Amino acid sequence: MSLLEFLSSVFGWVYFICWSLSFYPQSMLNYSRKSTSGTTVDFPLINCLGFLSYMISNYAFYYSPLIRAQYASRYHNLTPTVQFNDITFALHGLVLSILTTTQYLLPNLWSFRPSKGNKPSRFILGIILGCVLGVLLVIFIVLSSPERNDPSGGDHAWVWLDAVYAISYVKLIVTLIKYTPQVLVNYKNKSTKGWSIVQILLDFSGGVLSIGQQGVDSWLQGDWSGITGNPVKFALGNVSMMYDAVFITQHYVLYKGAEGKGGEREGLLGVGGRDEERRIE
């Protein structure tokens, strides 16, 4: 194993650790409070869809001989830049998102107090429905294509690789919208109380390392198709980092000193308070 290959592996597992740890603060806080008040089910619920799609697409890119052959045909005989840690990360994210979602949808199971944020918004339900219908449409088109199982995967033919891409784009759509409500809540409240800055710092670190790993892998292959051929992984790191930059700016610059004596934990514990009422439904 060369130095760059070792570096790619290190980047992959460290970003996996950073991103994986970022899943825990909210669910642990909910459990310690026995309540989900001040937050909404939208974020963990749509994360379930996102990580399910991410796991399926990564699994196909990593394990399916047909998908890998069609990818190689389309991208100069190269292999996908998906690593085993990508699959592990997606599975871990799915499990933690489902666990957190049950705290909202099944509060009695956790002996939680009922909260107004337990009901998904129509906007998020609409996004979920739209994503599912979009993927089903692409799968239907692929099924109607005579070349769908062709390993050579022609440039103008619909093949199973296109269906995998459609599934992977669901994760990108989820990432594009899932943070927006919290940014708006922070703006309206002129405070970041109730939103853990630790998870944001972990997420930002993971994004840097994820992009770094993809860059190293593409350098080793001598072709940047590793990025253009896996746009979702590249976009995930960039989009998340953009949102993280906004949260960091809100926390440390715009609303610095507006946390109150109890910090972010106090903001979530104030059941029925101003911050809870002004959150996005």
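Glycine is no exception: its Cβ is also placed from the backbone N, Cα and C atoms.
Sequence annotations record features per position, and here TrEMBL assigns transmembrane segment to 6-24, 45-67, 87-111, 123-145, 157-177.
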Region pair the transmembrane segment (6-24) / the transmembrane segment (157-177), three or more CB pairs under 8 Å: no
Surrounding residues of the transmembrane segment (87-111) on its own chain - C-beta under 8 Å, 6+ positions past either end: 15-16, 19-20, 23-24, 26-27, 30-31, 34, 36, 40-41, 44-45, 47-48, 50-52, 54-55, 58-59, 62, 117-118
